[in-house]
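Chemist: Pasting a structure here, questions to come.
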Amino acid sequence: MAADKSVDNTKKIIGIDDITDTKTIWRCLAAELIGTLLLVLIGTGSCTGVQISEGDVVVRIALTFGFIIATMVQCIGHVSGCHINPAVTCGLLVTGHISILKAIFYIIVQCVGAIAGSAILKVITPAEFRGTLCMTSLAPGVTPPMGFLVEACITFVLILLVQSVCDDRRKNLGNAAPVAVGLAITCCHLAAIKYTGSSMNPARSFGPAVNGDDNWANHWVYWAGPIVGGVVAGITYRALFRARKPEEEASSYDF
């Protein structure tokens, strides 16, 4: 019996059943692809051909990203969880809310969606207004280690909120999740745009990097920072804030 339970738990962690349930997995992957595509298309569309130094532009960009993500959470949250961000997927992976194989597929389609969204923006935007397609880059004077810490910190805030929203002990959320996530995104953008462009999302940075020109300088910052921040936030929430009840029917996996 113990051996059978161990095998079943291992299968859940790896996600064999998730992948073999083809109808469900394809719906989830389609939702993640379309969600990330729209995030990048609408979000980065708000900052093509503008100077980030303009104060009103910073507010516009922050609100656009916050609103589009809140919209996507409402649209596809019930389908795939609306990760649309590899850092979110990694943060939920370490807390057992998603299996390994499913997480890998999510990250792949998120990157594909981001590339497609940025490509569409490039096609529909006149050349004189494209700029860098809202590619994230470090501001003058911001070193890669500084950028890494900024991205890790703001992503920590986002994933801590996501973990709270996903906590199955909470019964008081109602329909607040989209608003909460949107506000967190807006807040972090307002704080960090002038440092790193406020990515918090490797796919969001990857799409414009693929479609733009001369755009890979310090790109690692936008993968390492958010993923580290997301993983640390996931571990922190699970260790400090998520109650462990012996009688509860856990919806997560024990690693």
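Just so you know, glycine gets a Cβ as well, placed from its N, Cα and C.
Remember, predicted model here, so these are calculated numbers, not experimental data.
Grabbed the feature section from Swiss-Prot, which reads as follows:
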- 1-29: topological domain 'Cytoplasmic' (TOPO_DOM)
- 51-60: topological domain 'Extracellular' (TOPO_DOM)
- 82-103: topological domain 'Cytoplasmic' (TOPO_DOM)
- 125-141: topological domain 'Extracellular' (TOPO_DOM)
- 163-172: topological domain 'Cytoplasmic' (TOPO_DOM)
- 194-215: topological domain 'Extracellular' (TOPO_DOM)
- 237-255: topological domain 'Cytoplasmic' (TOPO_DOM)
- 30-50: transmembrane segment (TRANSMEM)
- 61-81: transmembrane segment (TRANSMEM)
- 104-124: transmembrane segment (TRANSMEM)
- 142-162: transmembrane segment (TRANSMEM)
- 173-193: transmembrane segment (TRANSMEM)
- 216-236: transmembrane segment (TRANSMEM)
Chemist: Which bits of the chain, at least 6 residues beyond where the topological domain 'Cytoplasmic' (163-172) starts or stops, bring a Cβ under 8 A of a Cβ in it?
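Modeler: Beyond its ends, the topological domain 'Cytoplasmic' (163-172) has Cβ neighbours at 81, 91-92, 95, 97, 180-181, 233-234, 237-238, 241-243, 248, 251.
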Chemist: Within the same chain, where does the transmembrane segment (216-236) have neighbours whose Cβ lies under 8 angstroms from its own Cβ atoms, ignoring anything closer than 6 residues to its ends? I mean 6 or more beyond.
Modeler: 85-88, 90-95, 136-138, 144, 147-160, 163, 196, 199-202, 205-206, 209
Chemist: Is the transmembrane segment (142-162) in contact with the transmembrane segment (61-81), using at least 3 Cβ pairs under 8 Å (sequence separation of 6 or more) as the test?
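Modeler: Touching, no - the transmembrane segment (61-81) and the transmembrane segment (142-162) miss the threshold of 3 or more Cβ pairs under 8 Å.
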Chemist: Residues sitting near the transmembrane segment (104-124): Cβ under 8 Å, six or more positions beyond its termini, same chain?
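Modeler: Distal contacts: 19, 25, 28-29, 32-41, 44-45, 48, 80, 83-86, 89-90, 98, 130, 133, 202-204, 206-208, 210-212.
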